[in-house]
Amino acid sequence: MSGVGEGQDPVAAFRVEAADLLDGTEQALLDLTHDLGSRELIDTVFRGMHTLKGSGAMFGFDALAAFTHHCETAFDRVRKGLAPATQELVAVTLSAMDHMRALVEVQGQASGAGLAAAGIAAAGEAILAQLHAAIGDTAAPPPATTRDAATGNSDGGDAGEAQGGWRIAFRLPADAMANGTNPLILLDELRDLGEAEVVAQTGAIPPLDVLEAQECHLGWEVTLRGPATREAIEDVFIFVMDDMDLRLEPLTAAAPLAPPLPAAAQTPAETPAQTPADRPAQTPAQTLAETGPARAARATGESVRVPAERLDVLMDRVGELVIVQSRLAQLASGGINGPAGELALRSISEEVERLASELRDTTMVLRMVPIATLFGRFRRLVHDLARETGKVIELVTDGESTEIDKTVSERLADPIVHLIRNSCDHGLEPPEERVAAGKPAGGRLRLAAEQAGGEVLITIADDGRGIDRERVRAKAEANGLIQPGQVLADGELLQLIFQPGFSTAAQVTNLSGRGVGMDVVKRTIEALRGTIDVTSQPGRGSVMTLRIPLTLAIIEGLLVRVGEGKYVIPLAAVEECIELSLEDDIRSRGRSMIQLREQLVPFLRLRELFDTGTRPDAFQKIVVIATGGERVGLVVDQIIGSHQTVIKSMSCLHRGIPSFSGATILGDGGVALILDVVQLVALGQQQEERLRAAG
Amino acid sequence: MSERSTTEWDASGQLEVLTFDIGDERLAIEAVSIREILDLLPETRVPGAAALVASVVNFRGKIIPIADLRVAFGMPIQEATADNRIVVIETELDGEATQIGLRTDKVHEVTILERARSSEPPVLGMRWRRQYVRELVRLAEDVVVIPDLANIFGAVPGAASTLQH
């Protein structure tokens with residue numbers, strides 16, 4: 001069991017932990033909205049608050065601890081059945097979570113930052129007022145954190161203090177010491193509160209032959225005299241409270257507890273040896289224990305958590321590489337003699353090739369994170385949207401274990417937030433309207449991910465009213481995006497929503513912006529070398545499909561030659577390769593369309609587009625590429641083959657050129673440019689439109 | 001066109017530069033911005049790129065543009081000779097440190113220029129755009145030109161392209 005590393009700033013460590021705790025608690029709260037009766041979830045929320053309060057106070061986040069205390073109290077009441085769990089309570093607690101996040105932040109910037117702190121404090125008061133209203137105790141009672149139903153009568157407003165003192169009986173869980181709790185320290189702290197008389201209860205100690213030396217078998221009974229508050233006593237046990245058995249009775253009640261045992265030594269000598277941990281050192285370890293072993297590997301900022309077995313695989317490959325390297329060195333020093341030597345060299349070359357490709361794959365996998373981390377954020381969003389719009393929205397997620405590059409995942413968050421907002425705001429109807437349309441009152445939003453080859457498909461589907469084509473058309477005409485009465489295919493019409501400055505929201509709400517958005521979404525997705533497609537059925541809903549490459553760094557490409565230049569076409573976009581016969585070439589001149597299985601597909605002659613100044617090869621090929629259901633053929637001189645393409649960016653002097661999305665280095669050290677599929681398809685479609693317009 | 005860049009003379013009014021020929025002109029670039037001098041590399045033409053930076057090369061695993069300053073100075077393009085070298089410089093473009101290979105006809109030496117022997121480019125009598133020249137400095141019998149690379153590369157159309165769409 002190791003604590004937080006020596007050099008690490010404990011406050012920073014707490015902040016990371018607090019973020020994790022808040023996230024986990026928030027997920028439990030969101031689950032709770034679907035299952036208000038779940039004891040387990042209520043307990044999870046309570047424990048989250050409890051830990052947050054405890055470690056917050058420990059690291060000097062007093063405002064956070066004080067605020068969290070009230071939420072903890074509220075959930076403690078729910079836990080004990082004194083107050084029901086309601087949607088209102090969950091909602092107000094969710095806003096309390098946001099407030100806690102703010103408190104964690106503020107504390108970090110400058111202790112006692114005047115104005116901001118005051119504003120936050122006021123916001124906190126408002127939330128607390130709502131919280132008390134939600135659990136139905138308008139009197140805002142002092143913390144009624146009774147630990148045991150046996151002392152239920154002390155739950156009133158006067159329970160905070162007992163002038164004469166307290167009789168405290170507590171028993172720690174058997175594994176308390178293994179978890180780093182030192183009972184001696186707890187007792188010392190109690191002594192600090194006043195004059196204390198400590199009696200150990202040895203009744204539970206098992207016979208010697210079954211005694212587990214590492215476990216805690218003792219209970220203690222402490223008579224504490226003085227004006228200590230219940231809260232102060234409970235604070236002593238704050239880190240062990242969840243699992244321990246604690247009874248508190250005011251001495252004035254004069255009700256004897258369990259028959260006092262014969263006095264024993266004040267603190268038993270047989271307490272197993274403890275690590276001499278003093279309190280500050282103990283706490284980080286303690287909090288780590290409370291939040292689970294996964295937290296031990298917690299990382300901050302830009303780090304990635306990697307499962308250990310993936311590192312093992314990587315290590316294996318490196319080991320093999322070292323072996324191959326020594327074989328190669330041996331061969332080189334011995335000289336490559338005759339066919340046998342060449343054969344050996346070839347076998348080493350093949351081995352290196354295999355290892356390089358495996359190393360590439362395993363290294364890439366290190367950067368992969370499950371998309372569940374991304375999807376998790378959207379649950380809260382949908383919950384809030386449902387409340388704001390007064391709609392009933394059920395979020396269904398699917399394929400959360402699909403893995404995606406960490407950078408890609410981070411950059412996808414904003415576009416998906418936008419798409420979800422759009423679906424909730426424009427797509428899904430209010431309950432009355434849904435019922436009138438013969439649909440269930442609750443709308444359904446489906447968020448799914450799946451891997452398809454080198455891409456991840458993310459779909460955001462709603463069962464709302466669908467995109468209103470007439471409104472899209474009217475809007476596009478009003479904005480001058482299309483000519484009035486212009487004939488458009490359905491797909492083209494829907495693509496208009498991605499045009500800059502386009503918005504169909506009849507009324508602008510605070511949810512889905514002001515017509516900025518969909519074009520930004522499209523741009524962001526395209527910057528990730530992904531595509532976005534939309535389909536929509538009136539009355540049935542809309543589906544947004546994002547196709548995102550698994551990683552930004554390496555793609556499978558098709559290497560082609562045009563004139564003297566070599567180019568890479570991302571293989572994911574390639575549908576098929578066909579030959580452009582001489583007759584077709586001549587016949588199609590000026591039209592640039594080919595018949596492909598009953599469909600006319602426009603094509604671009606890359607030789608002309610790139611102005612190579614060379615004569616066409618005798619047997620030109622057409623590479624048919626597609627994005628979003630649109631197809632375009634690219635005429636090339638030669639198809640060289642598939643190519644593992646490591647994508648390199650181009651300098652800012654070349655970045656503005658359409659047609660290319662980057663460059664790569666070929667086996668011979670030369671450079672091949674990577675074609676930008678989206679741009680080329682758009683270009684082909686424009687050409688087709690021009691031809692169609694020309695008749 | 002933006003203001004001409006200023007030259008960073010040191011306290012004693014000197015500047016360490018690399019001198020090289022482009023056409024029949026001798027140019028000088030601050031030695032601190034020189035990264036490497038290479039023999040000619042196989043270049044890859046970038047269709048649609050500006051004529052000044054029409055191609056790219058693989059420079060130690062990075063794709064860098066190759067610039068032919070003759071285009072900027074309106075000189076005729078010549079055939080490659082055995083003396084040709086690529087001078088890789090690093091300069092800031094759009095706030096981003098960018099490596100660019102300059103195609104030169106002949107690289108001379110690293111030498112010291114004196115501020116006392118320098119002058120602003122004349123308003124008249126130059127065959128080049130004044131903004132492309134920072135300073136003219138006399139060195140022995142010659143006059144060397146310190147080109148204003150920021151202005152030269154800043155003039156490359158970034159988003160606009162000459163590709164026929």
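Here the Cβ of each residue, glycine as well, is placed from N, Cα and C on the backbone.
TrEMBL assigns the feature region 'Disordered' to one of the listed ranges (A:139-160, A:579-600), namely A:139-160. A:HIS50 (phosphohistidine) carries a helical DSSP state (H, G or I).
Note on A:HIS50 (phosphohistidine): other Cβ atoms within 10 Å of its Cβ, all shown chains, come to 24. When pLDDT is averaged over the domain 'R3H' (A:342-412), the result is 85.
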